[in-house]
Amino acid sequence: MSEPRKLYVRSFGCQMNVYDAQRMTDTLAREGFVEAETAEDADLVILNTCHIREKAAEKVYSELGRLRVAQEEAGRRQMIAVAGCVAQAEGGEILKRARGVDLVVGPQSYHKLPELIADAERRGGNRRAGIVETEFPVEDKFDFLAPPTRAAIAKRGPTAFVTVQEGCDKFCTFCVVPYTRGTEVSRPVAKILDEVMRLADGGVREVTLIGQNVNAYHGADAGGRPSGLAELVRRVAEVPGIARVRYTTSHPRDMDDDLIAAHRDLPALMPYLHLPVQSGSNRILAAMNRKHDRELFFETVEKVRAARPDIAFSSDFIVGFPGETDEDFADTMDLVEKVGFAGAFSFKYSSRPGTPAATMDAQLSEDVKSQRIYALQALLDRQKAAFDAACHGRRFEILLEKPGRFPGQLIGRSPYLQSVVVEAPREAIGTLAMVEVRGVSTKSLSGDIIGGEFYADGAVGHTHFPGQSETVEA
Ligand code: SAH
Ligand code: SF4
Ligand code: F3S
């Protein structure tokens, strides 16, 4: 028998790409591909790219250069495919700019990978004739992508992403996603539940429902009627074995009352909500075409907090959007002060080809953007540190996910996605444990297990181990 072919997928960008990488791997496993440990070791390398900011998009070219040098040094020929959002946005450009690419495939065409690879193989070394597949096909790729095997699920651990919605119709003026992922499409409820049941059967305990605009979800239910995200979350939480549900990324405009009620009614829905706001200035929010003002954001936060008092928020921010004045930026700082975030991602505005904001007047200098991002990140870091410090002494449930750095340690996740280091045996991976938080550092918490699924008889471990720093009071 010949050696199985080896595949390596390197993903950049958001969770959608992480999920897609798994689906591509599962689909190619059916074609006899096994996973390689490193890119160098693979027969087929897929770069699963991100186009959201210029820096992210440029990465693909440096990666391609690196791969080419490695191939030349090793004197071997690998097949190179570029997938993801840069593939969709720049298609043929990639073949022109970078030698050595056999295949460019957009996110809506991953189910065609087996035939595209066979086609590229037939073309052999003739790389000039690289294949580009970036049409938005009529069929639904999810109907053709292979599900993971039980072994693949087990290997990926007790948490999983499930794409429930893809694409975006919001057209924020800075954003490429509506162009790279296409219009909003929601998967039917039954297909998502099938996938979640399969994951649960393989040992998954926590599912994160993902979509570029996940709370705009409106997939068909059994009767063909549209179901909202709240209803979907309820159904997913009922799947035996599933203990925790999250969803991301939400748009403030789509936080409807039903979804807010789900935060009140469903203990399995984790009290941590990523709700990107981008800016605190109404003038900039309008120029961004976010379709809401700061007042709506405050109201939404208040409503969700009333429904679930222990909830914490994270968000995304852009500084230096065209025309942003000192006053607009002060409004963003003010919004952050007023809401208080447990985590956040913040970015300097990056001009993206083809988006309306790219041609707006008053593009700001790198200097101004740098000053503002520095100030904003300092504030967000202080808020995160304060949130973490306030967890000291708290008791909450963590899901034990993987071994820690030192023997005898496991790492779990708190309801707020903080990493929590505890002392526990490997067999406890995949179980929920109640911990009391004993240590807080910038990267993680540590704690003592005081009970949980693995410790039903009350025999719990005590924690004091090397490498874990003492509490930092913020
Ligand atoms: N659908 C989500 C976010 C998708 S992109 C939403 O509506 O919020 C993830 C984040 O990247 C965005 O929230 C935004 O903060 C950032 N981002 C998107 N385009 C950007 C650009 N051109 N420059 C800088 N940051 C950008
Ligand atoms: Fe981009 Fe706006 Fe759509 Fe989010 S809502 S993906 S930021 S266009
Ligand atoms: Fe990037 Fe595409 Fe996700 S542009 S952020 S990989 S949807």
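If you go along the chain as it appears here, the first residue is 1 and each next one adds 1.
A Cβ is built for glycine as well, from the same backbone N, Cα and C atoms used for every other residue.
Curation does not apply to TrEMBL; its annotations are automatic.
Database features, via TrEMBL:
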type    : residues               : note
DOMAIN  : 5-122                  : domain 'MTTase N-terminal'
BINDING : Cys14, Cys50, Cys85    : [4Fe-4S] cluster 1 binding site
DOMAIN  : 154-389                : domain 'Radical SAM core'
BINDING : Cys168, Cys172, Cys175 : [4Fe-4S] cluster 2 binding site
DOMAIN  : 389-451                : domain 'TRAM'
Open item on the list: List, in residue order, those binding-site residues out of Cys14, Cys50, Cys172, Cys175 with a Cβ under 6 Å from any atom belonging to ligand 2.
Closed with: Cys172, Cys175
Open item on the list: List the residues in the vicinity of the [4Fe-4S] cluster 2 site, defined as same-chain residues other than Cys168, Cys172, Cys175 with C-beta within 8 angstroms of the site's C-beta centre.
Closed with: Lys170, Phe171, Phe174, Val176, Val177, Pro178, Gln212
Open item on the list: Can you name every residue in this chain, apart from Cys14, Cys50, Cys85, with its Cβ inside 8 Å of the center of the Cβ atoms of the recorded [4Fe-4S] cluster 1 site?
Closed with: Phe12, Gly13, Met16, Asn17, Thr49, His51, Ile52, Ala56, Gly84, Thr180
TODO: Measure from the Cβ of Cys50 ([4Fe-4S] cluster 1 binding site) and count the other Cβ atoms within 10 Å, all protein chains considered.
DONE: 21
TODO: Just give the helix, strand and coil counts over the domain 'TRAM' (389-451), going by DSSP.
DONE: 4 helix, 35 strand, 24 coil
Task: Cα distance (Å, whole number) from Cys85 ([4Fe-4S] cluster 1 binding site) to Cys168 ([4Fe-4S] cluster 2 binding site) - done: 13
TODO: Show which residues of the chain containing Cys14 ([4Fe-4S] cluster 1 binding site), separated from it by at least 6 in sequence, have their CB under 8 Å from its CB.
DONE: Cys50, Ile52, Thr249
Task: Filtered binding-site residues, from Cys14, Cys50, Cys168, Cys172, Cys175, whose Cβ is under 6 Å from an atom of ligand 3 - done: Cys14, Cys50
